[in-house]
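Okay, structure first, notes after.
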Amino acid sequence: MLYKGDTLYLDWLEDGIAELVFDAPGSVNKLDTATVASLGEAIGVLEQQSDLKGLLLRSNKAAFIVGADITEFLSLFLVPEEQLSQWLHFANSVFNRLEDLPVPTIAAANGYALGGGCECVLATDYRLATPDLRIGLPETKLGIMPGFGGSVRMPRMLGADSALEIIAAGKDVGADQALKIGLVDGVVKAEKLVEGAKAVLRQAINGDLDWKAKRQPKLEPLKLSKIEATMSFTIAKGMVAQTAGKHYPAPITAVKTIEAAARFGREEALNLENKSFVPLAHTNEARALVGIFLNDQYVKGKAKKLTKDVETPKQAAVLGAGIMGGGIAYQSAWKGVPVVMKDINDKSLTLGMTEAAKLLNKQLERGKIDGLKLAGVISTIHPTLDYAGFDRVDVVVEAVVENPKVKKAVLAETEQKVRPDTVLASNTSTIPISELANALERPENFCGMHFFNPVHRMPLVEIIRGEKSSDETIAKVVAWASKMGKTPIVVNDCPGFFVNRVLFPYFAGFSQLLRDGADFRKIDKVMEKQFGWPMGPAYLLDVVGIDTAHHAQAVMAAGFPQRMQKDYRDAIDALFDANRFGQKNGLGFWRYKEDSKGKPKKEEDAAVEDLLAEVSQPKRDFSEEEIIARMMIPMVNEVVRCLEEGIIATPAEADMALVYGLGFPPFHGGAFRWLDTLGSAKYLDMAQQYQHLGPLYEVPEGLRNKARHNEPYYPPVEPARLVGDLKTA
């Protein structure tokens with residue numbers, strides 16, 4: 001053994017060839033700060049070996065290196081700029097020394113080589129992959145950019161266009177695509193990976209392969225003519241501006257850095273990468289996006305822990321076809337759980353099957369499946385007008401009309417047709433689960449399962465625990481949701497549960513702004529362009545359906561009369577009374593016409609102004625700051641109340657539910673991350689300016705207490721203690 005660290009070791013393999021093996025104690029290899037330092041020590045040992053002829057890098061895990069240790073990022077981002085820059089210089093000196101070894105090097109990569117793992121691979125002369133490899137640089141998705149030389153080496157290896165596409169979008173590619181673009185040099189079966197890598201090294205050692213020529217382009221300026229450079233970088237900047245926008249500075253920073261570094265050799269190019277990385281690491285956007293990644297891991301880990309002792313349902317059923325039922329049936333069948341879809345109406349069944357077939361055909365058009373797979377999936381959805389097959393199902397989700405009487409009748413009837421251990425769930429969006437449970441003989445086998453539309457796209461499923469729902473029931477439904485590829489978050493029961501409960505105060509803020517003379521177009525523009533929502537409140541209401549919102553608003557008002565009962569007729573009432581239901585009937589805040597692709601396109605409609613004039617004061621202008629404050633304060637207050645009341649268990653789950661269920665702007669990280677970034681005292685000052693608008697603007701006591709003590713909702717993070725010889729970097 002030449003060297004043994006905590007996460008890697010170095011040993012002779014054969015005849016002057018050494019192997020450096022990443023072998024962390026856990027299930028995966030991560031390139032954390034300690035591993036970078038250990039890698040530097042191992043390379044130091046290699047530099048002393050006079051009989052070294054070649055080096056092979058590999059992993060003892062199912063994945064090469066999954067990336068940097070993202071759990072370190074938030075503390076790393078708190079390190080002062082100068083110190084962080086110094087550490088990056090040290091880390092890059094390690095990869096430079098790997099790249100500069102006086103012998104040929106090869107990385108044998110399997111599973112994943114992402115982020116720092118990819119950058120480690122880029123520092124070797126040759127790269128051999130297994131067919132399951134995913135390789136790429138996802139850093140821009142976390143609000144940063146490659147910091148271990150990825151933005152320098154990849155463009156010089158692949159050419160600017162392919163590298164820019166991967167780096168700016170934070171993409172990873174499979175082994176075949178990596179081979180095609182030159183990111184790897186060969187793809188071999190897993191069992192032949194090490195032998196194949198040794199064979200390449202022997203060829204390089206024997207002079208059959210010119211490893212020095214292979215290495216040289218990575219040390220030099222990017223080979224691009226002035227015209228080629230102008231075209232590549234202009235197109236890339238245009239694409240990034242269009243897709244990422246101003247709220248995500250990392251992609252455009254990465255492109256501009258690669259452009260600026262193009263005319264320099266490795267050392268100066270790495271300095272430019274360093275200078276760009278450090279300021280990005282100190283942005284609120286980076287903290288928010290890393291926070292989302294960590295919260296996502298937490299939520300998925302919680303679901304995994306919850307379901308470790310239950311069997312995932314093998315057969316499911318959906319009550320109520322149509323678009324929603326068809327969407328649920330498709331998602332279940334697509335992920336391998338056969339489903340019976342029941343309705344009392346043949347027309348609805350046809351609609352449900354058509355929806356499932358349409359979604360499968362889209363997969364076929366994209367080349368994700370072939371005709372055989374399509375037929376196989378569709379054959380596992382069984383439409384029925386009766387209860388045939390219900391004696392075999394493990395879980396049933398009810399997705400009928402949003403009416404408590406109808407839902408209770410359907411659930412009570414279904415309970416008599418299934419096994420005693422079958423779990424029932426309701427896809428209600430607002431009706432309390434404990435109320436629906438009153439109709440059942442086995443309420444412990446019942447809970448809520450709230451999907452979001454469109455089912456195949458929206459990642460969140462709210463699992464609602466009723467007063468009598470058993471732990472096993474919750475676990476089974478969480479297991480099914482996870483199997484369907486969704487992110488399940490368990491919440492406690494109340495009108496609207498979590499997501500709709502916090503959405504309707506936001507809509508109330510919108511209605512009050514309209515009442516006070518604001519223009520709905522400006523509100524939408526501000527909430528989309530400035531705050532970052534995917535759609536403004538007026539457009540969102542049109543998409544959700546004015547009739548749906550009108551009904552839900554009444555349910556919420558009955559559930560929380562002190563805050564949500566209004567004493568005036570609002571814009572939602574006015575549009576509902578005029579039969580303007582939004583996209584579903586072509587008239588809402590806008591008029592809708594189908595474009596060439598059959599998608600609804602919004603157009604101005606003068607008639608809506610007369611309707612809104614009935615419920616609004618004369619038009620007046622509001623500042624962007626006031627619009628954002630008046631829209632967001634009611635929502636954030638309600639989010640905090642849900643945490644204080646135990647409706648949602650943690651800030652992490654609340655923020656993920658908002659991001660995955662409502663499209664809360666990811667660069668804000670969710671309501672609690674936004675609160676922590678803003679500071680609770682500053683938020684309190686802002687909210688107090690609008691307390692005169694009513695109870696929705698009154699800040700909960702728990703949040704006032706946080707403001708008094710200057711406490712965040714997320715646990716405070718200490719700056720990282722960086723490992724490595726920074727002075728000699």
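Backbone N, Cα and C define each Cβ position, glycine as well.
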Identity of the NAD(+)-site residue among N295, N361, N453 (reference: M324, D343, V400, V401, E402, K407, S429, source: Swiss-Prot): N453
Integer Cα-Cα distance in angstrom, N500 (substrate binding site) to E139 (site 'Important for catalytic activity'): 33
Alpha-carbon distance [H450 (active site, for 3-hydroxyacyl-CoA dehydrogenase activity); V401 (NAD(+) binding site)] in Å: 13
Cα separation, D296 (substrate binding site) to S429 (NAD(+) binding site) (Å, whole number): 23
CB within-chain contacts under 8 A for K407 (NAD(+) binding site), separation at least 6: E398, V400, V401, S426, T428, I431, L436
Residue from E119, E139, D296, H450, Y660 whose C-alpha is spatially nearest that of M324 (NAD(+) binding site), among the recorded positions: H450
Of the recorded positions listed as E119, E139, E402, H450, N453, the one whose CA lies nearest the CA of D296 (substrate binding site): E139
Alpha-carbon spacing, E402 (NAD(+) binding site) to H450 (active site, for 3-hydroxyacyl-CoA dehydrogenase activity), which is rounded to whole Å: 12
Pairwise Cα distance for H450 (active site, for 3-hydroxyacyl-CoA dehydrogenase activity)/E139 (site 'Important for catalytic activity') [Å, integer]: 32
